[in-house]
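Mind having a look at this structure? Questions to follow.
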Amino acid sequence: MSKKYDAGVKEYRDTYWTPEYVPLDTDLLACFKCTGQEGVPREEVAAAVAAESSTGTWSTVWSELLTDLEFYKGRCYRIEDVPGDPEAFYAFIAYPLDLFEEGSITNVLTSLVGNVFGFKALRHLRLEDIRFPIAFIKTCGGPPNGIVVERDRLNKYGRPLLGCTIKPKLGLSGKNYGRVVYECLRGGLDLTKDDENINSQPFQRWRERFEFVAEAVKLAQRETGEVKGHYLNCTANTPEELYERAEFAKELDMPIIMHDYITGGFTANTGLANWCRKNGMLLHIHRAMHAVIDRHPKHGIHFRVLAKCLRLSGGDQLHTGTVVGKLEGDRQTTLGYIDNLRESFVPEDRSRGNFFDQDWGSMPGVFAVASGGIHVWHMPALLAIFGDDSCLQFGGGTHGHPWGSAAGAAANRVALEACVKARNAGREIEKESRDILMEAAKHSPELAIALETWKEIKFEFDTVDKLDVQG
């Protein structure tokens, strides 16, 4: 060895705290919210995160002399206060692109949120945002189809897609499940959906469900003259079973399948997205288990990161919460990660939780899916928040209609078209929501009953995970 090797332990900040560093366009940038143990300097905590998520370990090792750590190491180049939290701070870290396998979200997350989250010097650690360089994005497959192609496949333009989750989500036989699908689609919905936890249980094996659903979709298409679909959940306990289910959906000439991307894993999701791209299949993505990871405001991974990772891994639709329904998520935060699903360039905007400029290049966009505790009274707000490139899914807000699922579907369709018409006429649909819906209900008894049924239903709970912005 030509260089002198000094054995022992040295402080992380001696190597990984580099405030003079100017990030390169090819660097992957990450923002962590850090809360260190009492008495540990911020610079040491931040440098430890940079080290343990890149090339570092707890001790100096002789094999460092066999490579160029200055080239490969992560660098903490900036520290910022967290508004309203004197114990926490933001650490901005730059990683050279060569640390990551091309196109592998699995590898990126293994590095950034691997062992470092169990580090004793930290009380809490949260990955708030990632700036993926365009050089990495170009190695990812991304959405197998994207918004434009999906609209062309479904022949739906000028409005959000309208759907619902089949309820009860567990317990129905395959035949009865297919009957509910048919009622919803003939009533006016574009799409129906398996819930995240319907796979292949004793009361309803997956092949039986697929066959009855396909029959229902095709019958509804013939009767309405519209393209219909159902998200067939292909999530399975093995990759082989996953692809067997996808292949059978293709044999049945179904337009769209579904995957639970967090419980299923990014490796499985990327593989399924590649299969969908090759086989002309749309891919709906559910985010089951996300709140375990993203809801704590000080520890875990923010959903904006999980949403960005999904766009790169591959999916044509992704659940994002509703703002107005039963699930966590404030308006500005939700708009922030919806932007990162759909836009080609998203500027840094702390008011929406975006810590970096994000250039997506020519990667197709992803439909934002609003689902969870929504009903017809929410329709104007949903249209205003999510816009046209979204899918609005009313589960209980369809099946809970006193006249049944078909009437619930009809009510939602009338409400949506009334709101789109009002918006296109220049009306302020959120401010005039009651007038717009009541006018439409004069010509739709289904909508009138729905408005009466859910007039008192609200989910007015404060958001747990709030944006860290200066008040």
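Cβ from N, Cα, C; glycine included.
Take a look at what Swiss-Prot says about it:
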- ASN115, THR165, LYS169, ARG287, HIS319, SER371: substrate binding site (BINDING)
- LYS167: active site, proton acceptor (ACT_SITE)
- LYS193, ASP195, GLU196: Mg(2+) binding site (BINDING)
- HIS286: active site, proton acceptor (ACT_SITE)
- LYS326: site 'Transition state stabilizer' (SITE)
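I'm curious about the neighbourhood of these features; can you describe it?
Neighbours of SER371 (substrate binding site), defined as other CB atoms within 10 A of its CB across all chains, total 24.
Just so you know, the Cβ of LYS167 (active site, proton acceptor) picks up 17 other Cβ atoms within 10 Å once every protein chain is counted.
Listed in sequence order, THR165, ILE166, LYS167, LYS169, LEU170, ASN233 are the same-chain residues at least 6 apart in sequence whose CB falls under 8 Å from the CB of ASP195 (Mg(2+) binding site).
According to DSSP, HIS286 (active site, proton acceptor) is assigned to a strand segment.
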Enumerate same-chain residues with a sequence separation of six or more from ARG287 (substrate binding site) and a Cβ-Cβ distance below 8 A; give 'none' if the list is empty.
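Correct list: ASP260, TYR261, ILE262, PHE303, LEU306, LEU310, LEU318, HIS319.
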Spatially, and counting Cα to Cα, which of the recorded positions is closest to ASN115 (substrate binding site)? Options: LYS193, GLU196, HIS286.
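Closest by Cα distance to ASN115 (substrate binding site) among the recorded positions LYS193, GLU196, HIS286: HIS286.
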Near the Cβ of GLU196 (Mg(2+) binding site), how many other Cβ atoms are there if near means within 10 Å?
20
Taking DSSP three-state, what's ASN115 (substrate binding site) in: helix, strand or coil?
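DSSP assigns ASN115 (substrate binding site) to helix.
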When you rank LYS193, GLU196, SER371 by Cα distance to HIS286 (active site, proton acceptor), which of the binding-site residues ends up on top as the closest?
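Out of the listed candidates, the nearest Cα belongs to GLU196.
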Rank the recorded positions LYS169, LYS193, HIS286, HIS319 by the number of other Cβ atoms within 10 Å of each Cβ, and give the residue at the low end.
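The recorded positions LYS169, LYS193, HIS286, HIS319 were compared, and LYS169 has the fewest Cβ atoms within 10 Å.
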